[in-house]
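Input: a single structure, listed below in structure tokens.
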Amino acid sequence: MEIKLEQLGYCYQKNSPFEKRALLDVNVSFDSGSYSAIIGHTGSGKSTLLQHLNALLMPTEGKITVGEREIVAGVKQKKLRDLRKKVGIVFQFPEAQLFEETVEKDICFGPMNFGVSEEDAKLRAKKVIYEVGLTEEILSRSPFELSGGQMRRVAIAGVLAMDPEVLVLDEPTAGLDPHGREEIMEMFYNLHKEKGLTTVLVTHSMEDAARYAEKIVLMKAGTVLQIGSPREIFAKPDALVDLGLSVPDVVRFQGLFERKFNVKLTKTCLTIAELITEMAPYLAKGGA
């Protein structure tokens, strides 16, 4: 499912003394089945943009098109439930939203709230619990008896049980250890490929943006500063650092190598394998 934002703008508490501009003239599209990342410093508008993707927030200017559904600023919208079924959002610390007495009931809550029968919802719960790396026996347990990592997977299963066509991820690995982060990100990537999901990741991790995204949207102060491939975005690491962002370790090491040997490699490397290949001629000569 394609998503397109055209001249999108948003103000909190518009036309009040407390009006605050959050987004201005945002133009970006997310192709059906693509994996995109949105990056930017805290306060750049990433999460505000994200909440427009399933109409949790409505634009104050411009429009957003999600599949066949068009949302135009100032036009009253009906039947937003249909849109919200198709666009699933995993927020930071989603386990904080768990509340039912069993894992199964928690996973079933969303689908049943959107009109899915209890029988069908239970079948979905059995399916998605495996998709998030857990087993069926956990369905009868209280979510509050589980580890933090298991609780997060259960919360994610609740989003997947809605059978979305678009998956929006807002810092989905916040608070996890490195191993847990990698497991969760690999899980999302596998789901993206297997289900053909349109995936949009909001992240502070440049490593994840470089590793998984096909396209990166760089934001600053509510505007889109640049749109490009990971290689294009990370080709100017100093500009990202000036914005208060980090760069992937491979990119940082490439910069150190180029300065040390006074050379310029033929491309911005995103993996260790690429970097080794690029450095090999200079290392063989003992430097340039």
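Note: Cβ is positioned from N, Cα and C throughout, glycine not excepted.
What Swiss-Prot says about this protein:
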- Gly40, His41, Thr42, Gly43, Ser44, Gly45, Lys46, Ser47: ATP binding site (BINDING)
- 3-246: domain 'ABC transporter' (DOMAIN)
Near-site residues: ATP, ref Gly40, His41, Thr42, Gly43, Ser44, Gly45, Lys46, Ser47, CB cutoff 8 A to centroid: Met219
The sparsest Cβ environment within 10 Å, among the binding-site residues Thr42, Ser44, Ser47, is found at Thr42
Least crowded of the binding-site residues His41, Lys46, counting other Cβ atoms within 10 Å of each Cβ, is His41
Which of Gly40, Gly43, Gly45 (the binding-site residues) has the most other Cβ atoms within 10 Å? Gly40
